[in-house]
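Per TrEMBL, compositional bias 'Pro residues' is recorded for 1-10. What TrEMBL lists as region 'Disordered' is 1-21. As annotated by TrEMBL, domain 'Major facilitator superfamily (MFS) profile' applies to 63-491. TrEMBL lists 129-148, 154-179, 223-245, 291-313, 340-359, 366-387, 399-419, 431-452, 464-485 with the feature transmembrane segment.
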Amino acid sequence: MGPLASQPPPPKDRTSQEDDETTLLLGYGEEIRGVGAVQASDPATPSLQSILANNASLERDLVHRLDLFLMTFGYLDQTNISSAYVSGMQEDLHLDGNELNYFTTYFSISYCLMLIPSQVILTYVRPSYWLPGLEIGWGLVTGLIAFTQNARQIYALRILLGLLESSAYPGMMTLFMVWYTPSELAKRIGFYHSCQAIGSMVSGALQVAILESLEGKLGLRGWRWLFVINAAMTLLIGVAGLFMLPDYPSRPNPRAIWLTPEHTEMGVGRLARHKRTESKKITWESTRRTFLMPIAYLIPALYIVTVFAPYGYNYFNLFLKSLKNPDGTPRWTVEQVNTIPIAGGAINVIFVWIWAFLSDYFERRWTLIVAQAIIGLVPCTIMSVWTAHPDDTPLSAAYASYFMTYMSLGTTPLVMSWLSDLLPHDPEARTLIVGYSIASMYAILSWSQVLIWPASQAPYYAYAWQLSVVFWALSITISCGMRIYEKSISR
């Protein structure tokens, strides 16, 4: 071997080292070259450290603005039909069977049918047009429910609501995955997810306030006013969304004046820094590629079982309404039936944030999903015993179980964040998997909940809580299997 071949390569000079460091650390979409050399000839030139500090400040400002404008678009309530049902709708419309279940069934059918087409449309139409447009239509239909006179009219409007709402949650997940980094994502999805719980809390509080102050005003019952107010809130947020949603880093919303060119450039750089790719148009080829991935089946399976496992919390108000005093009178008033679940919603919000924060902090998804499953097994087991032997099981155990169930509702943000971690370079696959995961869940929900949780059996369901135990066990099994798969592809 010659003498030159045995010598180590010459070290880089200081300027070259600073250039590489700048390019590596900034990930800013624009490389800043030759900082050291320029500063040597012009002392007034900002130092590398000051440039990095300025861009760190710009990045923090971008995240804060995203949190303010993007997260605020999370609508507070999905028209809590259960609150209206227990607050006079059942009696006024003469609903005496499983109509409440069928309200969910018709909504779920149309939701799952439109969800995947809506996700595909989202890759061709700006989110700032598509999502607010659906929101405005959703608000109009919500207002019409206030004037219905029978169950058939509500069925028709619930079908329209399902079509209009189909892209709300998955569409926002798509935007989150292109704007937030892995260490930010679970917390933001968790916050957005908790908006549903906050919506239920607000809905319950509104129902109580409406029953006390608006009952009978302008000839409308209190439960009808709930839909009127929800409609007004939805329309307001829908119009605001035209200016609030940022679209994509490389194709920003021109009406979003809160998003400067520097912010969008930073957004592009953040994608590059974390080796992620922005959303693209979905094609037949990307669809075929997606369905050849094992993760395309594992994520939907995990999502579905973790949604169905704690599903009994949705019927807490039916449980409260069914309870009677020894003389046969209701144990709880209508106001109390709407107020008590608010505490459960607060527990939900707190624990969704806790799980999401821990997930981002430790950069772990699967262990925290398993932890929630273990917690969720406890109330489901207790309720399985209580429904079979109510006279031999303390009623306090049932109350505690319902409240404990709210502690295990933080799985969805972790599942969606895990998907983003596993497919950082394939936004088309992410968009499709998010879409058909939720669509599959609603497709199953459309027929299963009337069989598993029939309102006519409340609160003594034949086998609902036992199935919840099975679903939690499956979630643990699938999570462990996905972890093994994750380790195999990372080698």
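Just so you know, the numbers here start at 1 and follow the chain as drawn.
Note: Cβ is positioned from N, Cα and C throughout, glycine not excepted.
Because the structure is a prediction, the values reported are computed rather than measured.
Here the transmembrane segment (340-359) sits apart from the transmembrane segment (223-245); fewer than 3 CB pairs are under 8 Å, leaving out pairs fewer than 6 apart in sequence. Across the domain 'Major facilitator superfamily (MFS) profile' (63-491), the model assigns an average pLDDT of 89. Residues 294-295, 298-299, 301-302, 305-306, 308-312, 366, 369-370, 373-374, 376-377, 380-381, 383-384, 387, 411, 418, 452-453 of the same chain lie 6+ residues outside the transmembrane segment (464-485) yet bring a C-beta within less than 8 angstroms of a C-beta in it. Same-chain residues lying 6+ beyond the ends of the transmembrane segment (129-148) with a Cβ under 8 Å from its Cβ atoms: 73, 75, 79, 93, 118, 121-122, 154, 157, 160-161, 164-168, 171-172, 220, 224-228, 230-235, 237-242, 245.
Highest Cβ pair count under 8 Å relative to the transmembrane segment (431-452), across stretches 154-179, 223-245, 291-313: 291-313.
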